[in-house]
Amino acid sequence: MGQAEKINNLENEDVNNGSNTTNQGWTCRLVIASLFGAFGSSYLYGYNLSVVNAPTLYVKEFYNKTWNDRYDQPMEAASLTLMWSLTVSIFAIGGLVGAIMVSPLVKLLGRKGTLLLNNIFAIVASLMLALGEVAGSFEMLILGRFIIGVDAGIALSALPMYLGEISPKQIRGALGQIHSIFICVGVFTGQVMGLPELLGQESRWNYMFGIIMVPAVVQLLTLPFLPESPRYLLLEKQDAAGAQKALQAFLNKKDVSKELEEVQAEYRAQHSIHLVSMIELFKTPSVRWQIITAIVTMGCYQLCGLNAIWFYTNNILKEAGMDSNQIPYITLITGGVEILAAVVSGMIIEHVGRRPLLIGGFGAMAVFYGLLTIFLNLQTKASWLPYLSFGCILGVIASFCTGPGGIPFILTGELFEQSYRPAAFMIAGTVSWLSNFAVGILFPFIQGAFGAFCFMVFAATCMAGAVFLYFVLPETKGKTFVEISQSFAKINRVAVSITKEEMEWVAAKVKVENSDTQNEHGNVITEMENSL
């Protein structure tokens, strides 16, 4: 059989098996890496978002008592409020610091190495938060919140980068959504632990912070047994043998020549792998619109108003005539809806695609915000209107978690090739944490100026994001990183360095040639090493 005929047969085989590629991508090691990686990273971020709500009164009392013991006078109300606000908001400042640290860390230590180091921040923060009351130091609590913020800033960039680089293209979105699912699970766990029957008591609130170290220790014990990112090993460390072993472990097969060639195609498209800085990335014309897309997507992720939803939930439930003691249990419904929507998104993302879920999610949020504004302004007219308001809140949460809650992290990894990816995550993380901090500072003023109409501000933000993504964002489902970059070539006004057809032909040619030799793995490694 001739070479051309073999290539044609391989192409026809790929077409016939295309519908089954999603199921073929899942392996035991990929699942373990995503679960334990997300448990020690995404879960902690979600948990630390909600864990501070339940013990608010007890922590303020501790602050006041400590101040009184030191200076023989109680703390002024304004100072106490400022101290508590600092405790909550310094988490975002720490996150910003962590996001800035990501690029040099992943370059020096790798993706897995950065995640392992990050567990040290979580363990130290947990000890400071849990022992602050025993030591009589509110400074330990504030510093602990800052350090756990650094942990979150690193985790929210390093983990999506790791998952995106180890997963096959046909399940990259589904695997990436595990990050979002664990954030929701972490938020829900923080709500449950804050119930009075568990740790939401004056004598137990510090244990809520001690729990933080458990996921970090679990990840610290399990992640060393998993391989590093094959792309990092091959393209940045020039370790072709290590990259092949990592791919074989993650994909659970011996013949990984096609996957190695896909990585090599990215190397050829970039001509060399030189990790760029943030400044260099902004100056690169070929990624201009990818940067803009990542900034807009991550900015809308934080500025879409979900924090405002939590502010209004309790008031709406009170207006509905529900007992104040029962409201913490009812609000658990919101956490359950978060998890359910994130799981559904993970199940359908490889069938529906990133683009429809992201645009549809922001669009649906804008609609629910509009309805919520109407119901809030009319809820005194009828006793059943507050229930419609609560339904709109659940709609906003479900819409967010279906698309905008997790896909921005996946997109940031997909839109950029290897040499640009660390700097891109640094930019996206900086935008995310600055936006998070801005919402915390500005929302009280927005709410005071507009009242219930504040949701129209968030509706406009969501609609603007949806419109932008509709005109700019291409679908990235099932595409290689090189193919995604080529999708932006026209809007960036740059030449296409390697076409999709050329990539497919080379991959098929390599597969045919390797099938005719008995020492195929050695040849592939030699080819990679010579090229690098």
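Note that Cβ sites are derived from N, Cα and C of the backbone, with glycine treated the same way.
TrEMBL annotations: computationally assigned, not manually curated.
Here's what TrEMBL has on this protein:
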TRANSMEM  26-45  transmembrane segment
DOMAIN    34-477  domain 'Major facilitator superfamily (MFS) profile'
TRANSMEM  82-103  transmembrane segment
TRANSMEM  115-136  transmembrane segment
TRANSMEM  142-163  transmembrane segment
TRANSMEM  175-195  transmembrane segment
TRANSMEM  207-226  transmembrane segment
TRANSMEM  291-312  transmembrane segment
TRANSMEM  327-349  transmembrane segment
TRANSMEM  356-378  transmembrane segment
TRANSMEM  384-411  transmembrane segment
TRANSMEM  423-443  transmembrane segment
TRANSMEM  449-473  transmembrane segment
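Counted as Cβ pairs under 8 Å, contacts with the transmembrane segment (291-312) are highest for 423-443 among 115-136, 175-195, 327-349, 423-443. As a quick check, the transmembrane segment (175-195) and the transmembrane segment (356-378) miss the bar of 3 or more Cβ pairs under 8 A, pairs 6 or more apart, so the two do not touch.
Sequence-remote contacts of a segment are chain residues at least 6 beyond its ends whose Cβ falls under 8 Å from one of its Cβ atoms, and for the transmembrane segment (207-226) they are 29, 32-33, 36-37, 39-41, 43-44, 47-48, 51, 54-55, 112, 115-116, 119, 122-123, 125-127, 129-130, 144, 148, 151, 190, 193-194, 199-200, 249. Against the transmembrane segment (142-163), the recorded stretches 26-45, 327-349, 384-411 differ in Cβ pairs under 8 Å, and the greatest number is found for 26-45. Here the domain 'Major facilitator superfamily (MFS) profile' (34-477) returns a mean pLDDT of 87 for the predicted model.
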